[in-house]
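Q: Pasting the relevant annotations from Swiss-Prot:
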- 1-38: topological domain 'Extracellular' (TOPO_DOM)
- Asn3: N-linked glycosylation site (CARBOHYD)
- Asn20: N-linked glycosylation site (CARBOHYD)
- 39-59: transmembrane segment (TRANSMEM)
- 61-81: transmembrane segment (TRANSMEM)
- 83-103: transmembrane segment (TRANSMEM)
- 104-352: topological domain 'Cytoplasmic' (TOPO_DOM)
- 299-352: region 'Disordered' (REGION)
- 306-321: compositional bias 'Polar residues' (COMPBIAS)
- 336-346: compositional bias 'Polar residues' (COMPBIAS)
Amino acid sequence: MSNTTSALPSSVPAVSLDPNATLCQDWEQSHHLLFHLANLSLGLGFLIPTTLALHMIFLRLLLMTGCSLFIAWATLYRCTLDVMVWNVVFLLVNFMHFFFLLYKRRPIKIDRELKSVYKRMFEPLHVREALFQRLTGQFCTIQTLKKGQVYAAEDKTSVDERLSILLKGKMKVSYRGHFLHNIYTNAFIDSPEFRSTQMNRGERFQVTIAAEENCKLLCWSRERLTYFLESESFLNEVFRYLIGKDITNKLYSLNDPTLSDKAVKKMDRQPSLCSQLSMMQMRNSMASTSDTDDVLNQILRGGSTGSSLQKNPLTKTSTTMKPIEEGLEDDVFESESPTTSQNVSKTTKKDI
């Protein structure tokens, strides 16, 4: 029986394994240490958090390290040309990107005369050095004025030409020979006029601006600066904020011309009573008119706000906003009448 069963052909064919087949029979030994170090550097590069400031630079460094180790492993221990060529290509690409990142982070050297303006006005608003250099390097000039020279003449100089910041010195603003306020270092010279030209073109200065000391100015071409700010939305918002703040400082110094340089820089003082009254008149005038830009122009031109608005027939009173009552402040300057003095004496007698 056993002989017959052994003579029968087997129904299951024998499996013949080709040594070139994909199924692994004998695993090769582990590769050299360089191979593992190369993969480790690639893995560390991909694990760097993106919140890190130098994330891209560290990533490129680790990728270049991994490619270099792969090149050494393929050349010295495996002798595989294709692996070596591909990693050389990857190494060159990463090196070019790494060099570009270093070039972008190079220190920008700002001119010594402009450094104080950048530190005081633009750096607190997160304007980078490269953007500030573009702003000051293309279409602006540094001009000098000697003591007594006029920057703008009343009713003569056009306001459409330039926008300037005072870098050094001190300037005086006057209207028809009457002193209005001073302009100190790191402040716009003609910010109110720049604001007014955005609404009305072809106007002239309504004040005279002259140098009280030897001055240095940073001047932009008005037209070219406007085109540049249209393409840089962030910088446009920065300029709007700086000019608005400068106009506010000029309003305070206009109401209190005795402000010193330190007081203008700090602007944390409480206005005096006279300053509060004049500011109250300005706010009443702006609250009782519908066109606040016209009121602002009239204020900055040096005229009396209340009288100019009363004489102007074009101003319309607002139905939604009422002027602020000034009765309490006006009582401070009123002299005592006989009736009030008698009432006061009666109350004192009763108290006694």
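Using N, Cα and C of the backbone, Cβ positions are placed for all residues, glycine too.
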Q: Apart from its near flanks, which chain residues at least 6 from the ends of the transmembrane segment (61-81) lie with a Cβ under 8 angstroms of it?
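A: Apart from its flanks, the transmembrane segment (61-81) reaches 31-32, 34-35, 37-39, 41-42, 44-45, 48, 87-88, 90-91, 94-95, 98.
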Q: Take the transmembrane segment (83-103) and find every residue of the same chain, 6 or more past its ends, with a Cβ under 8 Å from one of its Cβ atoms.
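A: For the transmembrane segment (83-103), the list is 56-57, 60-61, 63-64, 67-68, 70-71, 74-75.
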Q: List, by number or range, the same-chain residues at least 6 past the transmembrane segment (39-59) whose CB is under 8 A from its CB atoms?
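A: Contacts with the transmembrane segment (39-59): 65-66, 69, 97-98, 101-102, 105.
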